[in-house]
6 protein chains.
Amino acid sequence: MRPSGRAPDQLREIALEVAVSRYAEGSCLAKFGQTHVLCTASVETGVPGWLKGQGKGWVTGEYGMLPRATHTRGRREAAQGKQSGRTQEIQRLIGRSLRSVVDLKLLGDRTITIDCDVIQADGGTRTAAITGAWVALSKACAYLVEEKVLKASPITGQVAAVSCGVFENAPVLDLDYAEDSNADVDANFILAGDGRMIEIQATGEHRPFSDDEFAALMRLAKLGCAHLFEAQLKAAG
Amino acid sequence: MRPSGRAPDQLREIALEVAVSRYAEGSCLAKFGQTHVLCTASVETGVPGWLKGQGKGWVTGEYGMLPRATHTRGRREAAQGKQSGRTQEIQRLIGRSLRSVVDLKLLGDRTITIDCDVIQADGGTRTAAITGAWVALSKACAYLVEEKVLKASPITGQVAAVSCGVFENAPVLDLDYAEDSNADVDANFILAGDGRMIEIQATGEHRPFSDDEFAALMRLAKLGCAHLFEAQLKAAG
Amino acid sequence: MRPSGRAPDQLREIALEVAVSRYAEGSCLAKFGQTHVLCTASVETGVPGWLKGQGKGWVTGEYGMLPRATHTRGRREAAQGKQSGRTQEIQRLIGRSLRSVVDLKLLGDRTITIDCDVIQADGGTRTAAITGAWVALSKACAYLVEEKVLKASPITGQVAAVSCGVFENAPVLDLDYAEDSNADVDANFILAGDGRMIEIQATGEHRPFSDDEFAALMRLAKLGCAHLFEAQLKAAG
Amino acid sequence: MRPSGRAPDQLREIALEVAVSRYAEGSCLAKFGQTHVLCTASVETGVPGWLKGQGKGWVTGEYGMLPRATHTRGRREAAQGKQSGRTQEIQRLIGRSLRSVVDLKLLGDRTITIDCDVIQADGGTRTAAITGAWVALSKACAYLVEEKVLKASPITGQVAAVSCGVFENAPVLDLDYAEDSNADVDANFILAGDGRMIEIQATGEHRPFSDDEFAALMRLAKLGCAHLFEAQLKAAG
Amino acid sequence: MRPSGRAPDQLREIALEVAVSRYAEGSCLAKFGQTHVLCTASVETGVPGWLKGQGKGWVTGEYGMLPRATHTRGRREAAQGKQSGRTQEIQRLIGRSLRSVVDLKLLGDRTITIDCDVIQADGGTRTAAITGAWVALSKACAYLVEEKVLKASPITGQVAAVSCGVFENAPVLDLDYAEDSNADVDANFILAGDGRMIEIQATGEHRPFSDDEFAALMRLAKLGCAHLFEAQLKAAG
Amino acid sequence: MRPSGRAPDQLREIALEVAVSRYAEGSCLAKFGQTHVLCTASVETGVPGWLKGQGKGWVTGEYGMLPRATHTRGRREAAQGKQSGRTQEIQRLIGRSLRSVVDLKLLGDRTITIDCDVIQADGGTRTAAITGAWVALSKACAYLVEEKVLKASPITGQVAAVSCGVFENAPVLDLDYAEDSNADVDANFILAGDGRMIEIQATGEHRPFSDDEFAALMRLAKLGCAHLFEAQLKAAG
C-alpha cells in the first residue's frame, strides 16, 4: 500500500500549465501532485564562447529550489555562494536531455536557457522539471517560428521523465517524498517520444537490485511517460 | 498620464494570498499588479551565534529573484557564486523593517526567516516583499500561538511598504517598471501601522529633488500604505 | 546633552585636506572629528563593458575600512573573500551620489574611481566619504582640464552628505559613534549644492519616527551641509 | 572493429596495485589500460556534524584529475576555486557506491575518505576509481582489524564498476577515450559482488537507445565486472 | 648613481610614528621615504582553534594595500574576492618574523594581530611593514604590562627588515620603486636585534647572482638594520 | 646523527624518471627519497593577456599536493575553493626560477605550464618540484625543436634546488620530514648550472641564525646541486 493510496502504476495528478510567465518566450508550471516546478525558456542571441563559429545554437538548463520548497528550510544557494553537487548534477541532466531532441544547427546563433525553479517539492523534482522544461522549450520554439525568426521548429522529438522505485519491495511509479525517502531502489527514466530511452539513472539506496526489479521499473517508466507525452502535447498544443 | 492609465494616487491591484506554501509556518503571495513575490516564514529553533545567551529571538529576511522574473533573463545568483549588492541591500532592509515590529524577547530562542522570492517583477519588488513578508510573519506567529509554542504573538505592529516617485514631473504612487525605469525621483517608504515611518529611501535618479516634491511623495506613501494595512489585516485575518 | 558636549546643530571639527596622495589624480583626507576617510580619485581610460560605445564616461566608488579603524578589530574583507552587504550598499551610494553631478558625456571614454578608505571610524563614515569624495573628484577633474585632457570640467554641481539622528529624543546633527550606536532614528542626507536633495536614507532603529522628527532632521542636514559646501569649495579651491 | 583492436567483450589490461602509498591506511593504483587512478583510503576519527550521535561511521569519496592527465591540459580546479559539476557528480557516486557495502554501525565513530586522483586518463576514470576505491577501502578495513581497532571488517560485499557503450552501432565493454568520445550510448554500471546492480547510469549521447541495446550493455557489464571482482579479491587478498 | 641621489649604503628618511590610531593597543606609521605603512596591533582574547589548550598565545600579521597606494590603481582585493599570492606570502612572512621574538607562553590565551596597511607605496613595503609592526607589537605588549594584564612583556628581542639589491651592477641599500623595478638582484633581510638573521629572501630577477654579490648585500642589510633598530627603540620608548 | 643515518652532506636517493606521462610534451617524476613529485610540461599556444603583443612567451608553474601525500590527510584545495598561501608561494617560486633560464623571446607566442603534483611527501617537495620541473621543461623544449616548431631550444641554463637546514645544531643537506619538522633553521637554495644563485630562502624557525651557519648551509647546497645538475643532464639527455 502506497502512502498516497495510489496504485503501483499510477502517476500523481499531473498538470502542465503554460503561459505562466509574463516575459519568458515559453513557460510551463509542471505539477506532479504537490511537486511544483516553474519552467521558463529564455531565448538569447549568441552562444557560449567554446561553441562560437560552429553554426550551432545551444540549449542549457538551470535548476534551483526555493529555500522553503521543502519540509524544513534549506539554505539559499546564492547566499552560500555555490550550487550544491546535487543542483549541478540535475542542471547537467536537464540540458543534456533537452539537447538530445533539438537540432542545434536549425536553432542557429541562439541560446535557449530553461530555468527550472522548484516552488514546492514533494519528490521527483528533476523529472517534473524535465517534463515541464520540454513544454517550455517547445513553446519558445513555436514562438520563434511564429515571429518568423526561425522557419521551422528545431525540436525533433519529445522528452519526458518520471521516477520509479522499489518501495516496501514493490515497484512503484512516480515516487512522492514519503516513498522517495524510504525507497530501497530509486530510478529516474528520461524517455524519448518513441519510447526509447535518453537517460537512465538507477540507484540501490539501501541494497543492490536485481535484473527483474530493474525490468519492472523500466516497464512502469514507459507506462508513466506515455501519459506524460500525451499531457505535453496537450499543453504545448 | 501614467503608462498604466492609473490616477497619480492609485495603487495597482493588490492581492495578498495566504497559505500558498504546503510547508512554511506562514506564507503570502504578494501581488502588486504584475509584480508577484512569494513570501514564506520559516520558524527554526536557535539563534545566530552572536545573539546566543541573550534570551532573544531573531527575525531575518532573504530575497531572491527568479532569473526570468524580468523582461530579459538575469544571471542566477547561485550560479554566479554571490548575491549582488542590490540583493543584499534589500535583504537587510526586509529584516530591519520586520524586526522593528517584533518583540524579540517574546519570540524566545527562535529564528524566523522570511524568504521573499520574486516570481515575476514589474517594479516595486522590495515594497511588495516587505508588505507580503509581514503577512507571512504574522501568520507564522499566529501558528506558534495556536500550537501553544508561544503564549502571545510577538508582533507589536504592522509594517507595509510602497514606492513613490516623480514621473514626468508628477508625483505618483506605486511605480510599475515602465515608470520606475524613467522616474526622476524614486523613493521607498516603509510605514508602521500608526502612520509613522520606519524607513525612508529617496533617490534623485536624474536630478536632485525639492522639499515640496519629497513632501508630496510622503503624502502619497501614507495614502497607499493605509490601503495596504487594510489588505494585510484582511489577509492575516 | 550630547556625549561630545556639542550643540544639537553643531558639526564636529571638519577638515578636508587635499593632495594627500603622491599618485592619485585627486585626493582628500576627510576628517569629521575622529572619523578619517582617505578619498582618492583615479582616472583610467575606458569604461565598463556594458557602457561601451555610448560616448559616455563612468564614475564609481569603492569603500573599505581598515580592520582596526574601529574600537574592536573587524575582519579584513579581503581575507574573508567578500565584501559585506554594508560595504556594497555604501559603495553603491557613493557612486550614485557623485554621478548625479557629473556630465558623463563630457567625461568621455574615461572611468574615475573614487576609493574611500576609512583609516579611523567614529560614526558617519559614509557621509564623510561622500563629502571627501566630491573634493577628490573635483581635484581630479581640475587636473584633467589643466593637463588639457578635457576642455572643461564635467562637474555640474556640489555634493555633500551628513548624518542626523534622534538621540535621547533630541534631533542632533552629525552623529559620532557614541550617539550613532544609541540613536532611536538614524538618517543620512546627501544634498546638492543648491540645497535640494540627492538621496535620503532614514531608519527608525528602535522605533518608528514622526513627520515632525523627520522634518527636524532635514532642517539640521541643510544647516550642516551648508557648512560642508563651504569647506569643500575652500579645499577644492 | 574497436580502435584498440579489442574484442567487443574484452576489458583493457587491468592492474590493481596495492600498498602504493607510504602513509594511507589502504591504497590501490587502479589501471584500466592507460587510465591510471590512485586511490587512497584515509581513516580519521569522528564523523561529519550531521551524523554525530547516531553511532554510525561515514565513508566518502573525493575525486580529482591532475591537469595534464588528459590529451590537452585542463584547468586546475584548486586554482579555479571550485570543483566542476562533473567532479562533484563523480564524488557523490563514489561515496554512494562504497557506502552500499559498508556496515556503518560496525565502523563506529570513524570517517574513511577515499581519494581517487586520476594520474592519467584514457576514458572510464570513474569506473576505474570505484573499482580501485573498493580495494583501498578493503585494505584500510583489514588494517583496522589487524590493529585491533575493529573486531571485524565492516565491509559487507564487493563493488566494481565498468563502462559500456554503443560504438559504431556495436555494444562494447570498457570504453577507452577514442571510443568514449564517439559513442552513441554511454553507460556506467556499478555492480555488487553477487551480480546485482548498485547503480546504473546510461545516456544516449547522440540518440535514444532501445531496450535491446540496453540489455546488451548490461550483459557486457556483468561479464566485465566478474573479471574485476576476481582481480579485486586477488589484490585485496 | 642612484635615482634618488642616495649613497649606496644610505637608507631613505626613516620615520616611525607611534600612537597614530585612536583604538589599537599599539600602532606605528612606518615611513621609509615615500613608502608609508600603517601598522596596528590588536589584542584579542583567545587563540586559533588548532592552538587551543596548549597554554600558548598567537601573533599573526595581515597585509593590505590601498588600491591607489601605487602609481596606477590596483584592484581592491576585497572586491576581487581573494588575496593575491603576493599578499599571502607577505602576511606569512610578517607573522613568522614577529613570532620569532615573542614568548608565546608568556602571552597566554591571547592573539595579537598586526595589520600592516600600505597607504602609499614606493618600494620596500614588506620591510617597512615588518619594521613598523615590531614597534606596534612592542607598544601593545607594553600596554598589556601597564594595564597589569601581563606581568612582563613577552617580547624577547627586536626584529627589523630592509631590502637590498644589485642596481646597475652596484649593491645598494633600501631600494625605492625606481630601483626595485629595475634591479638585477632583489633581497629582503629580516634581522634580529643581535645582528643574526631571522629570514633571508634573495632573488636573481634577471640573472643569477654570485657569492660576492650576496655577501655585499648582507653587509648592507646589517648596516641598514643597525639604524632601524635604533629608530625602533626611540619610537617604542 | 640524522634520523635517516645519512651523512650531513648526503642527498637522499635521487631519481629523475622521464616520459612518465602519455600526453605531456615533457614529464619527469622527481624522487628525492620518499618525496615523489610528478612534473609535467604542457605547451599551449598564446600567452596571458598582459603579455600579448610583446613577442614573448611565458613559463609558469602550478603546484598541488594529493590529499593523502602526507602522514595525515590534508584537505583538498579544490574542495576548499582556494589554494593556500603556501601553495601560491611555491607556485610563484617555481615559475620565477624556471623563467630565469628561458629565453622568452625565443619561445615565441607560447605558454609552457609546469604542473608539479606531489604524489608523496617526505620533506623538500618544493626543491624536488623545481629540480624535476627543469627536466620536464627541458624535455618539452627538446620536443618543440624536434618537431621543428622551434629552431633552437630557448633553455639557457640549468636550475636545480635543494633544501638545507640546521638540525640538532648541525648543518645538513636535503632535509626529510623528520628533520624538516624539527630544524632550527630551514633554507631552500635554487642554483643555476654555473653555481651562482637564483633564489635563496632561509628562515630561522626557532631562533635566528649566524653568518657562519648560513655559510655552511650555502656550501652544502652547492655540493648537493652539483649532484642534481648531473642527474638532470643524464635524465634530460
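Note that Cβ sites are derived from N, Cα and C of the backbone, with glycine treated the same way.
Among the candidates D:ARG86, D:ARG99, D:ARG110, the residue that TrEMBL names alongside D:GLY124, D:THR125, D:ARG126 for the phosphate site is D:ARG86.
Mapped onto DSSP helix, strand and coil, the domain 'Exoribonuclease phosphorolytic' (D:158-222) counts 16 helix, 30 strand, 19 coil.
Take the mean position of the Cβ atoms of D:ARG86, D:GLY124, D:THR125, D:ARG126, the recorded phosphate site; other residues of that chain with a Cβ within 8 Å of it are D:ILE90, D:VAL118, D:ALA121, D:GLY123, D:THR127, D:ALA128, D:ALA129. Shown are the binding-site residues D:ARG86, D:ARG126; the one with the most C-beta atoms within 10 angstroms of its own C-beta is D:ARG126. Reduced to three states, the DSSP call for D:GLY124 (phosphate binding site) is coil.
Listed in sequence order, the residues of the same chain lying 6 or more apart from D:GLY124 (phosphate binding site) and placing their CB within less than 8 Å of its CB are D:PHE32, D:THR35, D:VAL162, D:SER163, D:ASP174, D:LEU175, D:ASP176, D:ASP180. In sequence order, D:THR35, D:VAL37, D:MET65, D:ILE90, D:VAL118 are the residues near D:THR125 (phosphate binding site), counting only same-chain partners six or more apart with C-beta under 8 A. When pLDDT is averaged over the domain 'Exoribonuclease phosphorolytic' (D:10-140), the result is 96.
Across the domain 'Exoribonuclease phosphorolytic' (D:10-140), the DSSP tally of helix, strand and coil residues reads 45 helix, 43 strand, 43 coil. The record assigns D:ARG86, D:GLY124, D:THR125, D:ARG126 to the phosphate binding site, and the maximum Cα to Cα distance across that set is 13 Å.
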